[in-house]
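> Quick one: structure below, then a few questions.
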4 protein chains.
Amino acid sequence: MPDAASSFNVLLTGFEPFENDPINPAWEIARALDGWQHAGATVRGVQVPCVFGRAIEALDEAMARWQPRLVICLGLAAGRSEMSLERVAINVDDARIPDHAHYQPVDVPVVPGGPAAYFSTLPIKAIVRDLRAAGLPGAVSNTAGTFVCNHIFYALMHRLAQQGMGSEPVRGGFIHVPALPEQAARRPGMPSMALETQVQALRVVISTALAVSEDVREGAGQLH
Amino acid sequence: MPDAASSFNVLLTGFEPFENDPINPAWEIARALDGWQHAGATVRGVQVPCVFGRAIEALDEAMARWQPRLVICLGLAAGRSEMSLERVAINVDDARIPDHAHYQPVDVPVVPGGPAAYFSTLPIKAIVRDLRAAGLPGAVSNTAGTFVCNHIFYALMHRLAQQGMGSEPVRGGFIHVPALPEQAARRPGMPSMALETQVQALRVVISTALAVSEDVREGAGQLH
Amino acid sequence: MPDAASSFNVLLTGFEPFENDPINPAWEIARALDGWQHAGATVRGVQVPCVFGRAIEALDEAMARWQPRLVICLGLAAGRSEMSLERVAINVDDARIPDHAHYQPVDVPVVPGGPAAYFSTLPIKAIVRDLRAAGLPGAVSNTAGTFVCNHIFYALMHRLAQQGMGSEPVRGGFIHVPALPEQAARRPGMPSMALETQVQALRVVISTALAVSEDVREGAGQLH
Amino acid sequence: MPDAASSFNVLLTGFEPFENDPINPAWEIARALDGWQHAGATVRGVQVPCVFGRAIEALDEAMARWQPRLVICLGLAAGRSEMSLERVAINVDDARIPDHAHYQPVDVPVVPGGPAAYFSTLPIKAIVRDLRAAGLPGAVSNTAGTFVCNHIFYALMHRLAQQGMGSEPVRGGFIHVPALPEQAARRPGMPSMALETQVQALRVVISTALAVSEDVREGAGQLH
């Protein structure tokens, strides 16, 4: 058992089920890992609403409550087949469909006056390396889209960039996850990944994020 | 325990691992279900070589040995994301790459003088319906390709079509299965399905194939 | 100028515009090449309705009128990016959507009692070879779907298979063509091909089909 | 004829042919439009090398020479099917393959100390609207990758962001273009677009970029 002084929290957020779908793997993963202890850390799984603005408020509350040293936000990317380690969050909301509160922002900044983008501070290359070594499909992605997922990702990185210099910096990032088989069963042709596989992948993600302070340099770029 | 008179066999074949890949989900499923008993049937899982001609010989041997009432052949379709219930086998071998014996037939018939094609005699529409109801991704496919998978599928259906009229006809067909996560981990972007999910899907397939004698009519066609 | 005795017709059919789309490249190609003379042949471009049954009647009328030595039917495959030389027609109608007469057959044969399938009698491998040599994207396809395209393709090959033995056999087949740029402009992400490129491709197709009597053997298969 | 005082230049850059491919649509478009006059502007088509660093030098030289009011850089995105109006350039080089000078940077900034990203200052939404209205396939893209295309795009936007306040700001951005049919003919399954269609699309792009000073707000986001 870790002594109180050395134990700390890892915040893992997942969006609520979206639209008419009764389930969202992002939240199921966070729920499954809530309370998991690893390398002195305890995972805190928190559900966030699929609503512009309110998602950020929920993130802020959870960060205030748990004072995490590591924050990983999860969101569903229906149509992708592997764990997507997002590289960059951009300062724009451009919703192709309305969110859960019927709000559909188009070309407005997530944070007015904020920089155009932030890079993830997770060791995304080391994580992809370790996922693959464990037989789990993962890849770096260069776009998190322009919907609520990118929205919470940008807000997270903006908050983390404001940290004071005195303390050890909190790291964070965003991961897009595939649909569950039961979701794909309703949408022919959609790739999926079993919840158990997804949860196993997040264990690797958290373990590597806690262990690797300087990311490795391994080519994982896209030509376009 | 079923009495000897009413018990019968279901033959489930899976190809050996192909090329440099140490594992093949087709064989792993057949191995996992070998000996499974359901509705009076016992599943017999048999590995077949990934070689033109020899695959058929192995099928013939297994059919002679087990005298099955139902035969389902499995093969890997790397790149597909769901269980593919193949509708039709065509009388052509056209290999894009060599098989395991370095044989690469181009535009030769599977069975010289055989008909151009055979339809699966599995209730493919009912199976897709039941897979989806169980939360498992599945779809009808209208091409099994022109490699060893179509080859064994055509040979199977040709043999089943030669059956005498006296006995209850043996039914059969072919299912293409997705890659495993550990295979997709080596090929970025490839969809996958956990072995446990795949095995669960085959339980549904076998159960429905044994229960449904006349297939349902549910639209599952492709525009092109 | 060819003398009357040696001149002959090539029948090129294209479907009418489908659904709410005002244009169909299949018909535009046939219209553009109507009257084109090449190697002693004259192309006869004929529009056919996008309706089960009536499409075949229109084909029969055109064949009776033009007595062609070569018949090529064209259809749109929205989503494909190259000229698709279809290898095989199967004896099933399985409509995912209704046709223009609101008819939606599911799992009924094109020709009751007909064989499961027919192979194209076009030299599809030589055509693909010549298209690519001319810088035009083309490939062999192993499924023409189960909608009106496969329907007319099967009916054509069934008729050609009934030919008497006395005369030189009429050859025929089916080609799926990509959407036009103006169609893709309304459906983001859809590949397209300019009409001029498509027409140029069909000139190559007809030229090769008239010149090559025995197809080449070049691997163009699919693994699955 | 425009008087000298009111005439100005539009710079259109395109990469040289890459790898073993003898042609690159990016350069073909720039070459085809070199000298085109429209709305008081003259297009200057310039070829840039497919080499990290040297591409930027060539851009700098061309900007110094032509003093353009509008700069559009073009690059090939083999596999995409439409004109991709890139929204954002990110400050990272992560090359999956070596460039023409055998240089393969991994996770190094384009401009050390530069901001994480810049947004395009082209009216990308208005351009997509006008392309589609003209029957030309186009879409907003949220990633320009991490190779030489993103590299020159980021460098361009960094330079434009340094402009003094005195003069009217120069606008610029990047467009990924599809492969040509003759390229797709060598790579089965790859979408393509005829050069004529691509050139026509760039005429629309330039015309709209010159006419629209404030972009429209039309949803064109991605969910992920």
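Even glycines carry a Cβ here, placed using N, Cα and C.
Annotations per TrEMBL:
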ACT_SITE  A:Glu86  active site
ACT_SITE  A:Cys149  active site
ACT_SITE  A:His176  active site
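Each of the listed features needs to be described in terms of its position in the shown structure.
According to DSSP, A:Glu86 (active site) is assigned to a strand segment.
The Cβ neighbour count for A:Cys149 (active site), using a 10 Å radius over every protein chain in view, is 27.
DSSP assigns A:His176 (active site) to a strand. Listed in sequence order, A:Leu74, A:Gly75, A:Leu76, A:Ala77, A:Arg80, A:Met83, A:Ser84, A:Glu86, A:Ser141, A:Ala144, A:Cys149 are the same-chain residues at least 6 apart in sequence whose CB falls under 8 Å from the CB of A:His176 (active site).
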> What count of other C-beta atoms do you get within 10 angstroms of the C-beta of A:Glu86 (active site), across all chains shown?
26
